[in-house]
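Reproduced below are the annotations present in TrEMBL:
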- 12-30: transmembrane segment (TRANSMEM)
- 42-63: transmembrane segment (TRANSMEM)
- 83-101: transmembrane segment (TRANSMEM)
- 143-161: transmembrane segment (TRANSMEM)
- 173-193: transmembrane segment (TRANSMEM)
- 213-237: transmembrane segment (TRANSMEM)
- 249-275: transmembrane segment (TRANSMEM)
- 295-328: transmembrane segment (TRANSMEM)
- 340-362: transmembrane segment (TRANSMEM)
- 382-403: transmembrane segment (TRANSMEM)
- 423-439: transmembrane segment (TRANSMEM)
Amino acid sequence: MARSQWGSRLGFILAATGSAIGLGAIWKFPYVAATNGGGAFLLIYFLICLTVGLALMLGEMALGRAAGNSAVGTFRDLRGGRWPLVGFVGVLVCFLVYSFYSVVGGWTIAYIGKSFGGEILTSDAKVLGDIFNGFITDPALPLLYHGLFAGLTLAVVIGGVQKGIENLSKFLMPALFVLMLVLIARALTLPGAMEGLLYFLTPDFSKVSGSMLVDAMGLAFFSLSLGMGIMITYGSYVDKEANLLSSSLWVIALTVLTCFLAGLMVLPAVFAFGFDPSAGPGLTFITMPAVFAQMVGGQLFAVLFFFLLLVAALTSSVSLLEVVVSFVIDEFKVGRKAAALGVSLLVFLLGIPASLSLGIWSEYTVFGLGFFDLLDFLTSKLLMPVGEVLLAIFVGWKVWPVIEAELSAGARVPAWLRAMRGFCRYVAPALIAGILVHNL
Ligand code: PHE
C-alpha cells in the first residue's frame, strides 16, 4: 500500500500547526502561565520553544521523512535494538494524552451549547464558576460530550490524511486567529485590564523556580506536540523537496504566537473582572464568557469562540489519534477504519475515569492526584520529557549522519545545523535530565 502524502507544503505546515495549536495554547497556557507568575514564565516558555523545541521538532520531522515510517518503525528502520521503544512510548503517550484531551474537547462542545442557551452570558464570577464546576463534576453529561468529541475525531481520521486533516486545518485555523484578535481588542479595553496586561508581560524573576522550569518545559513540549512521534509521523508524509527548517519555524512561530494571544485574551480579563488567576483548568472557560457578556453581539462571539476552540482541539486530537492508528496499521496490518475504531473505543473508556475523577470519583487519588491530573502529570511532566531526552540522544548521537543528509541537501553543512547538533547532543539532554532529577 502506498504511503499517504500531503497535498502541498502549505497543507503539511497547516496540519503540523493544527496539531500544535490546540487546547494546550488556548486552554492550558493561560492558566499555567497565570499560576506561575506571568511574565517570567512567558519568557522562559518562549526560550525553550525557540531553542530545544526547534531542534527537536526538526529532528522529528527529519527522522520521519528519512525513514518514511511511523513512530515505532522509524526507530527500527534507522537503528533497531531497543530504540523502537522510544517510538512505542510516544505512541503510548499519545494514547494517554488523547484520553483526557478528549474530555476537555467535550467541554468545548458543551460550551457551544451553553452559549446558544445564553446561560453563560454574565460577568458574575461566582455564577460562571458554579456553572463550570457544576458541569465538569456531573457524572454523565461530560461523558456524553467526551464521546461526541472522540466520535468527531474518529470521523476525520477515517477520512484519511489529505481529505480529513488537511482540509480542516486550511480554513478554520486562520479564522481562529482573526477571532482571537477581535476578542483581545475587547478584553484590553475593559476597565482594569491593564493590571492583567502588566502581570502577563512584566517578568518577575523572583518567581523562577525548579517547578516553574518543569512547567514551562512540559508545556513547551505539549503545545508543540513533541516527544511522542507526531512530527515523525507527519514528517513521513512530506515529500523530499520540502524545506523542513522553514516548515518547523512556521509551526513554532505560529504556536508561540497563539499562546501569546491566548494570554492576552484571557489574563487582562481575569483581572478586569476580579477572577482568581490561579483558578486552574477552568480559567479560559470561566473568564471568556464574562468578556462575551460585555460585548455587543456577545452571544454570537461566544458561539464562534467555542466552535473555533473545538476546531483547534480537533486538529490536535486528530494528530493524537493518527499516530496511534498509523502505528496499529503499520504494525498489525489492519485497515484504517478498524484501527481507528478500536483505538477510539479504548480512548473513550480511559477517558471515563479521567472525567469522573473531577467529580464523583474525586476522592480516589494516586500520589495525591486524581486520575485526570495523574494522566496529565504522567504525560506532560514525566513521559514526554523522557521521550524528548531519548529522542535528542538518538538524533544527536545515534543517527546524526542521516539527519544531516536529510536536512542539508547541499555539500556544506550550514551553521544552524551545527547548532542543532549541539542542542541535541548536549543542551537538551542536560537541561531535561536536570529538571527531571530536580522534579523527582
Ligand atoms: N499540542 C496540542 C495542544 O497544544 C496537544 C498535543 C499534545 C497534541 C501532544 C499532540 C501531541 O493542544
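All positions are counted from 1 along the displayed chain.
Even glycines carry a Cβ here, placed using N, Cα and C.
Automatic, uncurated: that is what TrEMBL annotation is.
Surface or core, plus neighbours and distances: that's what I need for these features.
Here the transmembrane segment (83-101) has long-range neighbours at 22-23, 70-76, 222, 227-230, 232, 313, 316-317, 320-321, 323-324, 327, 343, 346-347, 350-351, 354, 372, 375-376, 378-380, 383-384, 386-387, 390-391, 394, 398, meaning same-chain residues at least 6 beyond its ends whose C-beta is under 8 angstroms from one of its own.
Within the chain carrying the transmembrane segment (213-237), a Cβ under 8 angstroms from the stretch's Cβ atoms is held by residues 3-6, 12, 15-16, 19-22, 24-25, 28-29, 32, 36, 41, 44-45, 48-49, 52-53, 56-57, 60-65, 67-72, 74, 87, 89-91, 93-94, 97, 161, 244, 248, 251-252, 255, 259, 316, 319-320, 322-323, 326-327, 379-381, 384-385, 387-388, 391, 431-432, 435, 438-439, all 6 or more beyond its ends.
Residues 13, 16-17, 20-21, 25-26, 29-30, 33-34, 38, 42, 45-46, 49-50, 53-54, 57, 123, 125, 177, 180-181, 183-184, 187-188, 190-197, 199-200, 223-224, 283-284, 286-288, 290-291 of the same chain lie 6+ residues outside the transmembrane segment (249-275) yet bring a C-beta within less than 8 angstroms of a C-beta in it.
Non-local neighbours of the transmembrane segment (295-328) in the same chain are 15, 18-27, 70-72, 87, 90-91, 94-95, 97-98, 101-102, 104-105, 108-109, 111-112, 115-116, 118, 120-121, 149-150, 152-154, 156-157, 161, 164-165, 168-169, 172-173, 175-176, 179, 182-183, 186, 225, 228-230, 233-234, 288-289, 334, 336, 339-340, 342-344, 347; each lies 6+ residues outside the stretch with a CB under 8 Å from one of its CB atoms.
Residues 52, 55-56, 59-60, 62-63, 66, 75, 78-79, 83, 86, 89-90, 92-93, 96, 217-218, 221-222, 226-228, 421, 423-426, 428-429, 432-433, 435-436 of the same chain lie 6 or more positions beyond the ends of the transmembrane segment (382-403) yet place their CB under 8 Å from a CB of it.
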Before we move on, state whether the transmembrane segment (42-63) and the transmembrane segment (340-362) share at least 3 Cβ pairs under 8 Å, counting only pairs 6 or more apart in sequence.
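Answer no, regions not in contact.
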Which residues, given as numbers and ranges, are at least 6 beyond the ends of the transmembrane segment (12-30) yet have a Cβ under 8 Å from it?
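For the transmembrane segment (12-30), the list is 6, 45, 61, 101, 104-105, 108, 165-166, 168-170, 173, 176, 219, 222-225, 230-231, 234, 237-238, 242, 247-248, 250-252, 254-255, 258-259, 262-263, 265-267, 281, 283-285, 287, 309, 312-313, 315-319.
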What else in the chain is close to the transmembrane segment (340-362), if you only count residues 6 or more beyond its ends and a Cβ gap under 8 Å?
95-96, 98-100, 102-103, 106, 136-139, 142-143, 146-147, 150-151, 153-154, 157-158, 321, 324-325, 328, 370-375
